């Protein structure tokens, strides 16, 4: 839902821009472009009104959220009873510090935390009430939801030394370029297809809505099937189809290229949120997970690439940026596929190593007695 707001915000921004430029005269801007003296203009420019309107709405929403949102599940006003709030608070603590780690010690089952859905979550919470040793930090329950464990040097070392985050970071940057680029430059791209600046803002709405709808649909099925990388690949494939349409169709095929943009945006917002979901669901230790999610945030460097690619000198057709974007998404597709294969092999390697282990040896591994913790334990099977 959070990532989907990028696309919805793009559609809303296009609609607001259309009405601002439609109802506030833009002749003065045209005269300035044509060389008229700026002193002939009186009043505000359309873009100034647009900036003030969008900034005002943002500030209003921020102030509303500050006073409206609760500090945690224990004070959530939308939960109807105290029992629901208590259950929600326990669930947050339990999810944060884990029941059995990111996966099962039974290496042959390939199970993951939360795989059984809501019913399993309730059962695990009931077990947690009587099994006090499942919470690794003994004063977690005393500190409550708002009390975070301290970040340790081990968390940082393990996070920066984990090969998975650096692999994911590279492919995530490549996959994020379309979403970052068209969140800003889509009106210019549409205008380059022969539409006026006024109508270009209006025509950005359908592609963004396609992006939001596709994101919600694919992530829904990702949750249903408990798989992430498979659906990341589906989104990137849709992205590639849209980019191929835009790159290969002739410049005069404006309608077909516009449909290609709709297909392109349908796959542009899927990889990033599912990548975060995979990291959050497979990295158990809270400190290490926090550092890794922070490193993954460097994926926003895709915005720098986007601004360099879709520079004015490549307009109005932006053919070269589209080709480069196509290559980056192709690299990302191959990278995510390779990452999935690497995880499958790692799971198989761990299962092979644990064959013949006794229950005592498995329990010792689960509790970190061999020096490994979180997802580094051999009994943990990575989700795909």
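Just so you know, glycine gets a Cβ as well, placed from its N, Cα and C.
Annotated by TrEMBL as transmembrane segment, the relevant range among 121-142, 143-164, 165-186 is 165-186. TrEMBL assigns the feature transmembrane segment to one of the listed ranges (82-103, 258-279), namely 258-279.
Within the set 44-69, 356-381, the record from TrEMBL flags 44-69 under the feature transmembrane segment. When the stretches 7-24, 165-186, 198-219, 231-252 are ranked by Cβ pairs under 8 Å to the transmembrane segment (258-279), first place goes to 231-252. Below 8 A, the CB atoms of the transmembrane segment (231-252) and the transmembrane segment (291-312) form no more than two pairs separated by six or more positions in the chain, fewer than 3 in all. Between the transmembrane segment (318-339) and the transmembrane segment (165-186), the number of CB pairs under 8 angstroms, six or more residues apart, is three or more, so the stretches are in contact. When Cβ distances are compared across the two stretches, the transmembrane segment (7-24) makes no contact with the transmembrane segment (291-312), since fewer than 3 pairs at least 6 residues apart fall below 8 angstroms.
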